[in-house]
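Noted in Swiss-Prot for the protein shown:
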- Asp61: active site (ACT_SITE)
- Glu133: active site (ACT_SITE)
- Glu57, Asp130, Glu133: Mg(2+) binding site (BINDING)
- 16-144: domain 'RNase III' (DOMAIN)
- 171-240: domain 'DRBM' (DOMAIN)
Amino acid sequence: MFPIKSGLEPKRKQELLEFQKQAGLKFKDLRLLDLAFHHRSFSNEHNNFHANNERLEFLGDSVLGLVAASYLYKSFEDRPEGELAKIKASAVSEDALSKTASKLNISNYLVLGRGEEMSGGREKKAILADALEAVIGAYYIDSGFKAAQKFVLRLLESTIHSVLEKKFISDYKSLLQELVQKKFKTVPKYELKKASGPDHDRTFWFSVSINGKVYGPLSGKTKKEAEQSVAKVAYENLCSESTVSK
C-alpha cells in the first residue's frame, strides 16, 4: 500500500504527531498522513513516481465534494440547485482550500523536490489545496467516512458562511458557464495558448471563446488559475454589457 519507505524517522514522526494534534485528527497509521504531504516533485526527483499524494488527493476531492454537497442540501432547504452549486464551488475552490491549508500550517509539513522548494512551492495555492485534499483522502482510508466527514465539516462550515457573506470570490468558471448557457445557449470554450517555464515553475496562458468573441489570453501558475482569471474577465465584461443594454 505504501510506495514510500515503511518506517518513519523519529523527527518526522514527531512532526506528524504535531500536525494531527493541532488539526484535531488521530491517525491509526501515520504513514498515510506522511504520504499526503509528499508532492510529485519529490517523487520525480527520487525516481519513485508513485510515492506522492496524487492518488490520495483524487480520493480526498471526492470525499470533500460529497460532504460539502450533503451539508448544503440539508442545511439550506430553501436554496435552489444552481445557488447551492455556486456556494459549493466557492467553498471547495483552490483559493478557499489553500486558505484553510494555510491556517493548518500545512506548508510546514510538505515534502517537495529541490526545484519546487526553490521556486516557492510551499506557498503555492495549488500545492496547498491539493495537500489538504490528500489529507482528507488519507484520513478517509485510515479512519473511515464518518471521521473524515467530521473533519471536513469542521473545516467547511466557517468557509461556507464566509461564502454566503460574500467574503470569497466566486468560482468564475461556474458563473461564466451558467451566464453563457442562459444568454447564448452554448458553453465557453477554453484554449491553452502558451505554457512556459520549467516543470516546477510553469506559467500557463488561456483564452476563452464565447459566441465568437475571444477574451484573453491571461496567465496563471496553474491551468486552473489561468482559466479562472480569463473567466473572471469574460464574466465581468458580459455582465457590464448586459447592464449597459438594459
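Keep in mind that glycine also has a Cβ here, set from the backbone N, Cα and C atoms.
The Mg(2+) site, placed at the center of the C-beta atoms of Glu57, Asp130, Glu133, has further neighbours from the same chain whose C-beta lies within 8 angstroms: Asn53, Glu54, Leu56, Phe58, Gly60, Asp61, Ala129, Ala131, Leu132, Ala134, Gly137. Least packed by the Cβ count within 10 Å, out of the recorded positions Glu57, Asp61, Glu133, is Asp61. Here the C-alpha separation of Glu133 (active site) and Glu57 (Mg(2+) binding site) works out to 5 Å. Long-range neighbours of Asp130 (Mg(2+) binding site) (same chain, six or more residues apart, CB within less than 8 Å of its CB): His39, Asn53, Glu54, Glu57. Residue counts of the domain 'DRBM' (171-240) by helix, strand and coil are 34 helix, 24 strand, 12 coil (DSSP-based).
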